[in-house]
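S.K.: This structure is in structure tokens; I'll ask about it shortly.
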């Protein structure tokens, strides 16, 4: 992501000096330091009306590692698995994981296509505006952008709360100390603060941390899938029958006894655990050859999380002999009880404590990927003091002020953790906001016509149908996720989402005077060039490279 050409970049003076003129120096920085796909990508960013301000240091491996480090399948399933067990029993751990992942796949493919077409850090709000009719592009960009910023804060709060809950439950298991809601909220804020401190590292160093964390968490998942059934067998315990694991549906919820409501509730765990696959799209401007590598990372990270998660869920299912007793566990985290019953208190606490520490460190990648979106929106003038919020720190290669703003917003949303139904409010709020943000550009894609220009990753004649199914599945998840945790409780998640939307609308009518929106002329020229050139050819690269040169000289 770069600074807008309308405002320039405040950090350009910090770049390595040369003996060339200022214009020539800027051109050299844009083209000479990158080769092949990177040169074309930087040219595309310039063609959209921005000056590239990020070093492209990420590849597919790092992008997938960021997702795995964030999702932490084992720990996340142990936290959110109560939904699957409470509302569906054995069925929730098998089909309750498989079906929603299959239903989400069209969304994943659709987002990968959007990212391949327009690899910018603005992501969903930017795509929505680019695909919307021209007369609606500016209000859509602003309203969706504001909603996205506030939704990012809710998502960050949800994951910080999940990490804090996992850490709290692990400490409770080891010490018998019960954490109050206020203490969990404070612990969540501490997690956010830790993540913010890790952003002081260079992005190259953060990448190393993400790869190391993802490697450990992936190996711990595999190790768990071997160790738990081995222990189960050594204790002489019978494994659950496959007929029960894949065919026994039991709704233990006294609040929603209706099967039609219980089934989508059993899907909630997947919506929370496997929702970070969008991260590679948020750092497209830091990614080598983003038009190819970012979509690849999106698909690979989704599939990796889905497969690892399925393995974890099935291991748990086959190692549960008495589902009634496990679901009745008073801690609210029945899968923790399953592990403790097999490994004992000390070994379980030690294993989970180490895993939680790595999950906590890996969670910093979420702040990294989310802050780039905030900075992208500020780059278009969508936030107060946008020229400061959009700045990219030269050493760290990160938008530091945008990071601080997002941290402060997250602190505010964490106050929801004081609710008696804290976990459901925070988790469902994050899921609802994400579904709305994902569905918006996918919906506009259906009616975009010639405003849609496919990238290297494209499903051809199946594309439109895939996007349609993605919209329908998003609508299903959105409607069912709006149900409160009990029939008698107030749907706080809907109230907060509507409040966020109201704030976005108010901000547009009273605070959008300085919002430039997308550069429509640059966008039209980019579409024209893409339609009339063979992508990846010398002519196409020359056009993008010349676009960079011309705009920077004119500036």
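Note that Cβ sites are derived from N, Cα and C of the backbone, with glycine treated the same way.
Just so you know, TrEMBL annotations never went through curation; they're auto-generated.
Below, the features straight out of TrEMBL:
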- 1-26: region 'Disordered' (REGION)
- 57-83: transmembrane segment (TRANSMEM)
- 103-128: transmembrane segment (TRANSMEM)
- 140-164: transmembrane segment (TRANSMEM)
- 184-201: transmembrane segment (TRANSMEM)
- 208-228: transmembrane segment (TRANSMEM)
- 265-285: transmembrane segment (TRANSMEM)
- 297-318: transmembrane segment (TRANSMEM)
- 399-419: transmembrane segment (TRANSMEM)
- 425-448: transmembrane segment (TRANSMEM)
- 460-479: transmembrane segment (TRANSMEM)
- 491-510: transmembrane segment (TRANSMEM)
S.K.: To the transmembrane segment (140-164), which of 103-128, 297-318, 460-479, 491-510 is linked by the most Cβ pairs under 8 Å?
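M.R.: The stretch with the most close Cβ contacts to the transmembrane segment (140-164) is 491-510.
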S.K.: May I ask for the residues of the chain that lie six or more residues beyond the transmembrane segment (460-479) and have a Cβ under 8 Å from a Cβ within it?
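M.R.: Contacts with the transmembrane segment (460-479): 100, 103-104, 106-107, 109-110, 113, 264, 267, 271, 431-432, 435-436, 438-439, 442-443, 445-446, 454.
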S.K.: The transmembrane segment (399-419) vs the transmembrane segment (184-201): three or more C-beta pairs under 8 Å (separation of 6 or more)?
M.R.: yes
S.K.: Cβ under 8 Å, sequence separation of at least 6 from the ends of the transmembrane segment (103-128): give me the contacting residues as numbers and ranges.
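M.R.: Hits for the transmembrane segment (103-128): 1, 41, 44-45, 48, 50, 140-141, 144-145, 147-148, 270, 274, 277-278, 280-287, 290-292, 294-295, 298-299, 302, 372-373, 375-377, 379-380, 437-438, 440-442, 444-445, 452-459, 463, 466-467, 469-470, 473-474, 476-477, 518.
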